[in-house]
Amino acid sequence: MTPNARISAAIDILDHVLGGMPAEAALLRWSRSSRFAGSGDRNAVRDLVFDGLRRLRSRAALGGSMSGRGVMLGMCRETGLDPVNVFTGEGHAPLPLTAAELAAGQAPKGLEALDLPDEVWPLWQQSLGHRAEDVALAMRDRAPVWLRVNALRVDPQQAIAALQAEGITCQPHSELPTALMVTDGARKIAASSAYRDGLIELQDLSPQLACAALPAAKRALDYCAGGGGKALALAASGIGSVVAHDASAARMTDLAQRARRAGARIQIAAPGSVKGSFDLVLVDVPCSGSGTWRRTPDAKWRFSMPALHNLLQTQKDILDEVVPHVAPKGHLAYMTCSVLTPENGDQIAAFLTRHPDFEQDFQRSFLPPEASDGFFMAVLRRR
Ligand SMILES: C[S@@+](CC[C@H](N)C(=O)[O-])C[C@H]1O[C@@H](n2cnc3c(N)ncnc32)[C@H](O)[C@@H]1O
């Protein structure tokens with residue numbers, strides 16, 4: 001595909017996303033109907049779409065319309081590409097710009113320039129205070145890729161060497177050497193033998209730092225295990241017995257295979273079947289995902305207050321549900337990938353009021369750009 005044909009494809013995909021389709025589904029739909037596209041084309045189109053979604057409002061303002069064409073025209077204007085050379089109508093390039101399109105567009109203002117939806121701003125500002133603008137601006141850029149070295153298989157130096165042999169270069173984090181930032185070759189990870197053999201896992205820096213800060217335990221329960229990212233990290237940290245549970249069995253479908261690959265011993269509990277108490281209970285609850293909008297930028301534009309209120313109730317219910325599973329003197333760790341206070345500190349303050357037999361050990365927030373994703377953890381202790 002020519003560069004302009006890739007822009008045409010991105011316009012079509014963005015129009016589907018703007019029509020309500022999740023970005024991954026829109027990309028898959030395009031991919032299936034574009035067998036001619038090679039892997040380089042697919043990667044380039046994906047990048048155009050995701051960059052466009054991270055900067056949707058500002059680029060639509062620059063391009064003069066909230067549409068695939070408007071966003072790609074805005075991209076041309078922002079990056080200094082002459083739109084007349086892109087919108088040529090030749091081959092598979094986008095159709096030439098009309099006089100109205102050429103005349104439209106202006107510099108983004110206010111929340112347009114921050115690329116945030118209006119609905120989130122009051123809460124964003126209350127939650128982030130003086131960091132509100134710079135965190136919003138960080139969300140406009142692509143996030144780095146981080147790997148977790150699986151200490152059950154290798155040490156960081158061995159993992160770095162194995163990855164290097166497959167053309168993937170990494171740099172260890174200064175405080176947590178098992179966290180590796182990929183500096184080159186990120187697209188080769190999924191097919192690499194280092195990944196297939198369980199030497200490394202894909203996991204963002206913030207959850208890695210959060211898991212590393214958890215108190216030591218002999219028996220841990222990951223109550224909202226999903227695909228098992230945290231359960232695998234707990235098992236790799238040397239906790240002898242890890243039980244993974246989720247309200248949805250389907251969310252844990254791949255966990256047994258991932259655990260085998262990683263050499264991790266994880267017991268999978270069917271929904272609602274957890275028995276007994278644990279000295280560490282982790283609840284990585286469903287949340288707005290507002291800390292991860294660099295990776296899932298379409299979710300940013302789906303944010304709504306009614307959806308947030310439903311999530312707040314789910315988070316509260318999960319916290320109350322796990323109380324019987326926290327052993328006396330045991331720890332309850334609460335995590336979200338959100339930067340919004342109602343899902344974080346407020347949720348913990350309300351829990352401590354409802355459950356005076358718990359006290360807080362510590363809270364920690366991670367914010368981009370210095371951390372990778374926005375993330376929150378609170379560790380509570382049963383008296
Ligand atoms: C943020 S995701 C977990 C991600 C996972 N811990 C990881 O690291 O890959 C939240 C999970 O909570 C689960 N969940 C939602 N309601 C729940 C409930 N009442 N009890 C247990 N799990 C629940 C969802 O199915 C979802 O998999």
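Backbone N, Cα and C atoms are what each Cβ position is placed from, and that goes for glycine too.
As given in TrEMBL:
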ACT_SITE  CYS337  active site, nucleophile
BINDING   ASP246, ASP284  S-adenosyl-L-methionine binding site
DOMAIN    135-383  domain 'SAM-dependent MTase RsmB/NOP-type'
Distance check, please: Cα of ASP246 (S-adenosyl-L-methionine binding site) against Cα of CYS337 (active site, nucleophile), rounded to an integer number of angstrom.
17
Within 10 Å of the Cβ of CYS337 (active site, nucleophile), how many other Cβ atoms can you find? Include all protein chains, please.
26
How many neighbouring Cβ atoms, not counting its own, are there within 10 Å of the Cβ of ASP284 (S-adenosyl-L-methionine binding site)?
24
Taking only the residues in the domain 'SAM-dependent MTase RsmB/NOP-type' (135-383), give me the average pLDDT of this model.
97
Across all the protein chains here, work out how many other Cβ atoms are within 10 Å of the Cβ of ASP246 (S-adenosyl-L-methionine binding site).
22
Give the distance between the Cα atoms of the residue listed as 'active site, nucleophile' and ASP284 (S-adenosyl-L-methionine binding site), rounded to the nearest whole Å.
8
